[in-house]
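Inspection log for the structure reproduced underneath, given as structure tokens.
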Amino acid sequence: MDRVFINLHLVSMVDKQQTGSDGYQVLKDTMIGVRNGKVEYVGEPCPSILHGHPDIIDCAHALVTPGFIDCHTHLIFAGNRANEFEQRLLGIPYEEIAKQGGGILSTVHATREASEDELYHLAVQRLEGLKRDGVTTIEIKSGYGLTLDDEIKMLKVAKRISELPDMKVSTTLLAAHAVPPEYKNRSDEYIDLICESIIPQVVKLNLANHVDVFCEGIGFSPKQCERVFRAALNHGLRIKGHTEQLSNLEGSALAASMGADSVDHIEYLDENGVKALATNNTVATLLPGAFYYLKESKLPPIPLLRQYKIPMAIATDFNPGTSPIASLRTIMNMACTLFKLTPEESLRGVTCHAAQALGLQHFRGKIAVGMEADFAIWQLESPAELSYRLGVPDLIARVVDGEIFHEK
């Protein structure tokens, strides 16, 4: 054993059939043993695992959870859209701002102008808030380049971030985020570029784990999204989708039928769409930050998701326009207060279900033997406090592959 954590109160998030507990129950006076970055022992204090003089970390009865996973972010961009925030407060709809060249295309212009190094330094600064909230894995999308070179530039930045010792990264190609201005009224030709040039080159450079699309009236049609999904799958990439955020185009059912790991936003998802998620074991990712910033009133169908036992993930959707929130714990609180999730559902949403949304459920999101040793150590008494309390520095340390990182 390389390192042993003792005197901790564990919230493992491991399934009940595997442990006899529900994963949310606090297991007091627990010990975790780590070897080569993996969990090798979890359980009651066991003197025998202290043989060999491992590094012993006394957690002093702190609460330990899996490291948090922010499974949907747009972390890499230049500029900001505070002016659009003001416009929306004056009553101008998001769709109208987008049609006038604002929205995503505003950020596209700024991001195209920025160098790779500039984008990297901006993104690393934004990570700090997420680290303080216990995040050990982050998903990062492209989607503000919308050309071959600029999408690759963004994904190269994400790859550089993945080389940091204290943050794991899952990368997503989101070239189908918006129609770039040079392809106005020629969106099918832009889809050709994505399928025939961008996806093959991204695969050649090994820059992405997933391909995502924005299936919406101001984005791309289900038929266009299906083409992108098929090209991604043909090149060995996994898929996910921004679906049913502003209307119901049945994009969630399409994505699920093609094997998507998750569909995200889903405010307008109906029962047929929920059934498709259940049939295909697709995660529903809730993004209350965007719901809040856009002052939406249409709630995701939480009762239906519960009825059909759909795993619900939660993410920041961190982006400059509709969710500039670099705090996953704030999002957990919003999921409870706005979407009426329980604190347990909220915690599952940023651990085991977030891992599943990225296809990482066999490696992260739980504290169990064989899983990667990623967890967060909190000065808290109960897991409900993670959703309940905001703005208090409760995090003692993050552990990534067994290595300890104390936050400032």
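Just so it is clear, glycine is given a Cβ too, placed from its N, Cα and C backbone atoms.
Site annotation (Swiss-Prot, ligand Fe(3+)) includes HIS72, HIS74, HIS242; from ASP2, ASP15, ASP133, ASP317, the additional listed residue is ASP317. According to Swiss-Prot, the residue from TYR41, TYR120, TYR144, TYR183 that belongs to the N-formimidoyl-L-glutamate site alongside ASN319, GLY321 is TYR144.
From the candidate list THR30, THR316, THR322, THR330, the residue Swiss-Prot records in the 4-imidazolone-5-propanoate site shared with ARG81, TYR144, HIS177, GLN245 is THR322. In this structure the alpha carbons, written CA, of HIS242 (Fe(3+) binding site) and HIS177 (4-imidazolone-5-propanoate binding site) are 9 Å apart. Considering only the residues assigned to 4-imidazolone-5-propanoate binding, ARG81, TYR144, HIS177, GLN245, THR322, the longest pairwise Cα distance works out to 20 Å.
Each of HIS74, PHE77, ARG81, ILE104, THR107, GLY143, PRO320, THR322 belongs to the same chain as TYR144, ASN319, GLY321, is absent from that list, and has a C-beta within 8 angstroms of the C-beta centroid marking the N-formimidoyl-L-glutamate site. Taking the C-alpha positions, the distance from HIS74 (Fe(3+) binding site) to TYR144 (4-imidazolone-5-propanoate binding site) comes to 9 Å.
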